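Pulled from Swiss-Prot, these are the features on record:
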{"type": "BINDING", "residues": "S39, P40, A41, G42, Y43, G44, K45, T46", "note": "ATP binding site"}
{"type": "DOMAIN", "residues": "829-894", "note": "domain 'HTH luxR-type'"}
{"type": "DNA_BIND", "residues": "853-872", "note": "DNA-binding region"}
Amino acid sequence: MLIPSKLSRPVRLEHTVVRERLLAKLSGASNYRLALITSPAGYGKTTLISQWAAGKTELGWYSLDEGDNQPERFASYLIAAIQQATGGHCASSEVMAQKRQYASLSSLFAQLFIELAAWPRPLFLVIDDYHLITNPVIHEAMRFFLRHQPDHLTLVVLSRNLPQLGIANLRVREQLLEIGSQQLAFTHQEARQFFDCRLSQPIEPAQSNRLCDDVAGWATALQLIALSARQNTGAVHQSARRLAGINASHLSDYLVDEVLNNVDNDTRQFLLKSALLRSMNDALIARVTGEENGQMRLEEIERQGLFLQRMDDSGEWFSYHPLFGSFLRQRCQWELSTELPDIHRAAAESWMAQGFPSEAIHHALAAGDASMLRDILLNHAWGLFNHSELTLLEQSLKALPWESLLANPRLVLLQAWLMQSQHRYSEVNTLLARAEQEMKGEMDDTLHGEFNALRAQVAINDGDPDEAERLAMVALETLPLANFYSRIVATSVHGEVLHCKGDLTKSLSVMQQTELMARRHDVWHYALWSLIQQSEILFAQGFLQAAWETQEKAFTLIQEQHLEQLPLHEFLLRIRAQLLWAWARLDEAEACARTGMTVLANYQPQQQLQCLALLVQCSLARGDLDNARSHLNRLENLLGNGHYHSDWVSNADKVRVIYWQMTGDKAAAAAWLRQTPKPAFANNHFLQSQWRNIARVQILLGDYEPAEMVLEELNENARSLRLMSDINRNLLLLNQLYWNAGRKSDAQRVLMEALTLANRTGFISHFVIEGEAMAQQLRQLLQLNTLPEIEQHRAQRILRDINQHHRHKFAHFDENFVNKLLNHPEVPELIRTSPLTQREWQVLGLIYSGYSNDQIAGELDVAATTIKTHIRNLYQKLGVAHRQDAVQHAQQLLKMMGYGV
């Protein structure tokens, strides 16, 4: 829950000097990306901008305090300020901020700018007291903000020092409007206006000018002079002399003498106690100070000119001027040290009564009251956890003694979930085991169930499905239906275990159940996770269209619940890319993989390994080995600098092995095979993948017998588990094995079976990557004219893709082929009497394969003009005039030689 006063622009006070000269300068603020107002405390920055903001409706105001160094809190308030300015225009960004569904502040701002692009009018965002920000993460995010904000948005920053926002670049590009302390200092005329408003008896202009000069136009000093004059008519010159040359850091003594010592004791106590509140209203004041009518007291303090300012139009919220508030808090530490814990406790109770647990925790920590902190956490910790207030929770739990956690085991559970969210899996089990061992009395079944549900999640994350299954089932047996979150966790783990064990039908059913439970209780990340799992299961079963439709549901969920920046979004994009790749929609597959990498841009580079493997895979399917090698270099560097789950390693190894096959790199393949552990089983599609990698290398090395044993066993397991997509892949590897071993009839048999199964899976690229050997076999099958119609269309599509993408297509026109062609009894007489050179045959092969002139020049490493000469010569020899005629001529020659094209 956001504190309204932090989003309220300060109310324009009576008796303030209107700074016409500065307002005139600010009138052109919409022409700049940044308006920067900097000066030491007390120069009137906030007052000036509140005057300028008066009457502007499309303006958001965000007043900072020290707690805003938490990036999540900063994001929530900043987006709320934008929403205030736009009347709720940026709904997606607001939901993402509220639910902490973004990878970083920069990525959240990127989403914000997408929404603001449709905003039609100038817009302003004021951030006050930016000097309180010390977190470099926020500084970096705001630099991103300034680089990418839309042109119609102006950021207005108020700070006591020069902020780390990269302003030099903005200054050079004339996108920065600056107002500093010299400009903020009062002029003689403004000082006279100020005294005329504040003093009952006017002072002479010369005297006013001298006072202004004595304090160098410092507004706070002028206010203190006026305050002293009201309290003691003879104090004007004395105050001016004391304040001359003084700065904000040496004001304490002056404020004690001239302010605190000149008010009655009740007012002094009120000031000191109320200053502990970063913002205050009637109820807070009444509870903290004991005043019966807090609102009336605040208005009285305001009338006395004691540096109190209204924070909203309703006049409900107040705060002290930062300079004065800081001074009062310091004095409170000295003068009321024994009462401080009680004051903070009262503040915490009042904040709790108004529904602000985060502020209450701040005061409970300051009071050192572990019991109060414990009670707040017991009532509100899970709400804070679900809103990702993780830093605050961690700080709070550390402040509680271990005995207090033991006495309230749900706080132990909370601490364990915090560790789980930070991937500190081993610490989770250690913490829970220690708690169970040291806890006094029996744990009830519900708590046991919650502990076991969390342990089950840790076990599956840590690659221990057997232990995960045991714990999940025990949890489900003991957890009541009301403990929906832990039941969702345990059910999800159960479904994932079934998936790992190859029981896809049951796993699909359990994951559908998980989705329903998660949707019912708005646990959206588990709903998304269950949809991703369902899609993977359907893919493994060979139902790729159903997998596609499930992915569509997941993308809709992401859009509706604004989950775009969760890492799970990358997972969904990745499995969509895998499906698109299988269907030979390579450009779309690559786009999904790159979007996935963008989602993970703010995480460790190792997280991008799987998407990077997909980029390699797309390049391999296109036959672009140079690009594949470039991506592989980065992939292998990541592999060597991280620890990965076996599934990730298997996917990375797959593209490496295919690359070695395409390039004939037997040495690299053999080295990999020597050091790669062989999985103990092949009872799911993850393990099947790594065994296929091993078999592919064995085939490349000519070790056909062990490769055949592997593939036969894989198929046996896959058939028993109905892993139809794996059967399709295994058949293609068997085809390669039989073809290379000279077992042509076996090769044809399994190829036809693979083509038939592809009617269900839709596979294209899995055939294409096998290259020329696959092309030769498909030509022969098409020439036999025995394929059913659907398989025939698929074979033609695969052959077309091989011809389009793979760079060894012109091998049809190598020297041996040309010799056989010239000796063929049906060779056209024109070719026999006017034969093409070997280079011209190569060019014809590349024209037939769909290469442009520039691509042919690149392939043969000659100039484009040379290629044009070759083409002109071969056209003349073939008696053709156009490129398409040459393609048809080449096709006829290939058909004559027995190639079905």
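Cβ atoms are placed via backbone N, Cα and C, with glycine included.
Not measured: the values here are computed from a predicted model.
Annotated features, which come from Swiss-Prot, shown on the structure.
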{"residue": "S39", "record": "ATP binding site", "Cβ contacts under 8 Å, 6 or more apart": "K45, R160, G180, S181, L184"}
{"residue": "Y43", "record": "ATP binding site", "Cβ contacts under 8 Å, 6 or more apart": "S181, L184, A185, W218, A219, T220"}
{"residue": "G44", "record": "ATP binding site", "Cβ contacts under 8 Å, 6 or more apart": "R19, L184, F186, A219"}
{"residue": "T46", "record": "ATP binding site", "Cβ contacts under 8 Å, 6 or more apart": "P10, D128, L158, Q309"}
**Q.** Cβ packing number for A41 (ATP binding site), 10 Å threshold
**A.** 21
(Q) Comparing the binding-site residues P40, G42, which residue's C-beta has the most other C-beta atoms within 10 angstroms in this structure? (A) G42
Q: Take the DNA-binding region (853-872) and find every residue of the same chain, 6 or more past its ends, with a Cβ under 8 Å from one of its Cβ atoms.
A: 807, 839-840, 842-843, 846-847
Q) Quick one: mean pLDDT on the DNA-binding region (853-872)? A) 86
Q. What is the total of other Cβ atoms whose distance to the Cβ of K45 (ATP binding site) is within 10 Å?
A. 24
(Q) Suppose the ATP site is S39, P40, A41, G42, Y43, G44, K45, T46. Which further residues of the same chain have a Cβ inside 8 angstroms of that site's Cβ centroid? (A) R160, S181, L184, A219, T220, L323
